[in-house]
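J.: A single structure is presented below for examination.
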């Protein structure tokens, strides 16, 4: 057989790359179609930030650790990611924000899975980096338009429910695990007849031995119809369709559709973006609203220096599809700094959001009329929090009181009634021009005169506070 002679130096030179030579381009002019990322980097001691930024750009696009001869078979200049800016993080030693631009052609259209696999799939284990956090993404209009987004959106949900001019009220049924399907349905009925708009499966309620999913769907549907008949209002329950596989997930969604309920639920991080996008498509085609729980998010977003900020996860969900998304409360038991939370709440609801670093928004985002996702505030909230919640979130939010409903001393229905009275009192006071930040306590106390249920709730929870310093601040 003939032998092939390889001439070194003919066209390419083998060896380990200095990423800065190719992927650090401070003179680059960002294109309107580029996907932009802001990474918080903590380099290892002695590693220049330019090298780290270039390495992140390389590994999340066309690069590898060494020169390869196949580089000459394509246009690296067209397809490579570029670290185009670096800035030190104020008040932090050896931390930098690296801005990276990715050509749109690197990503499959309409695929959050591919977007995340490329940008965060492999770079977080780099030895040159002590820590890395994706703070924000700019999704360009050209890429946004390849997604269908939420199945219906905020306005379509209000039209379907015939509920306007106030926030929506929800409640997670407790105990989250251990109830039989029939007792679970009883709890749902009591909450809905008392005045709530929704009740909810907890994120880990799927199909366990004590309560199989079909039994739960049946008893909950019966509770919904009974409460609707008594109150004259449209009611719903977030039936969790999260399942071991997509075929089973579709089966549960179809059962909910057959029962005629308005909304189902999915755990989008544990279930995965591919499954979530598929379920959103099913809901859009079959007239179901889709509530999204963010179970597992804190594993990814809690640490200030490493992981992915929740604003990125929220943007990804809006692309993938969800009509509701848990967003934190600012005032309850779960993590959430006010300005940062308001920043990603706007990214979920609004169509055009300007860059505002004071709220953690690194890039201007244009959603091109993609439907909005309604934020869900839940976690350790009760009637005394209502003025702050109405003032912070406004009307286009779902306020979810689990223990704050079921913990009422008189039972579920009085607990629901207390929350409904508090919400309507605060909404009316705001509409009359009162300052809920200063007068909220007075508004609640005045409403207690007309609602013994609210008065009892106020007495029970008057001393309850969750006073811990937030970890994730600007």
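Including glycine, each Cβ sits where the backbone N, Cα and C put it.
Quantities reported herein were computed from a predicted structural model and do not represent experimental measurements.
As annotated in Swiss-Prot:
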{"type": "ACT_SITE", "residues": "174", "note": "active site, proton acceptor"}
{"type": "ACT_SITE", "residues": "293", "note": "active site, proton acceptor"}
{"type": "BINDING", "residues": "122, 172, 176, 294, 326, 378", "note": "substrate binding site"}
{"type": "BINDING", "residues": "200, 202, 203", "note": "Mg(2+) binding site"}
{"type": "MOD_RES", "residues": "2", "note": "N-acetylproline"}
{"type": "MOD_RES", "residues": "13", "note": "N6,N6,N6-trimethyllysine"}
{"type": "MOD_RES", "residues": "200", "note": "N6-carboxylysine"}
{"type": "SITE", "residues": "333", "note": "site 'Transition state stabilizer'"}
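Help me picture where these features are in the structure shown.
T.: When other Cβ atoms within 10 Å of the Cβ of residue 174 (active site, proton acceptor) are tallied across all protein chains shown, the result is 16.
With a 10 A radius on its CB, residue 293 (active site, proton acceptor) counts 28 other CB atoms from all the protein chains.
According to DSSP, residue 378 (substrate binding site) is assigned to a strand segment.
Long-range C-beta contacts of residue 200 (Mg(2+) binding site), restricted to its own chain and to partners at least six residues apart, with a cutoff below 8 Å, comprise 170, 171, 172, 173, 237, 238, 265, 291, 400.
Under DSSP, residue 200 (Mg(2+) binding site) is assigned to a strand (E or B) in the three-state scheme.
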J.: Three-state secondary structure of residue 174 (active site, proton acceptor) from DSSP?
T.: coil
J.: Within 10 Å of the Cβ of residue 326 (substrate binding site), how many other Cβ atoms can be counted across all chains shown?
T.: 23
J.: What count of other C-beta atoms do you get within 10 angstroms of the C-beta of residue 176 (substrate binding site), across all chains shown?
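T.: 14, counting other Cβ atoms within 10 Å of residue 176 (substrate binding site).
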J.: Based on Cβ atoms within 10 Å, give me the single least packed residue among the binding-site residues 122, 172.
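T.: Minimum Cβ neighbour count within 10 Å, taken over the binding-site residues 122, 172, occurs at 122.
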J.: Looking only at 202, 203, the binding-site residues on record, which one has the least crowded Cβ, with the fewest other Cβ atoms within 10 Å?
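T.: Across 202, 203, these binding-site residues, the one with fewest Cβ atoms within 10 Å is 202.
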J.: Given the recorded positions 293, 294, 326, which lie close to residue 202 (Mg(2+) binding site), meaning Cα to Cα within 10 A?
T.: 293
J.: Just counting, how many other CB atoms are there within 10 A of the CB of residue 378 (substrate binding site)?
T.: 23
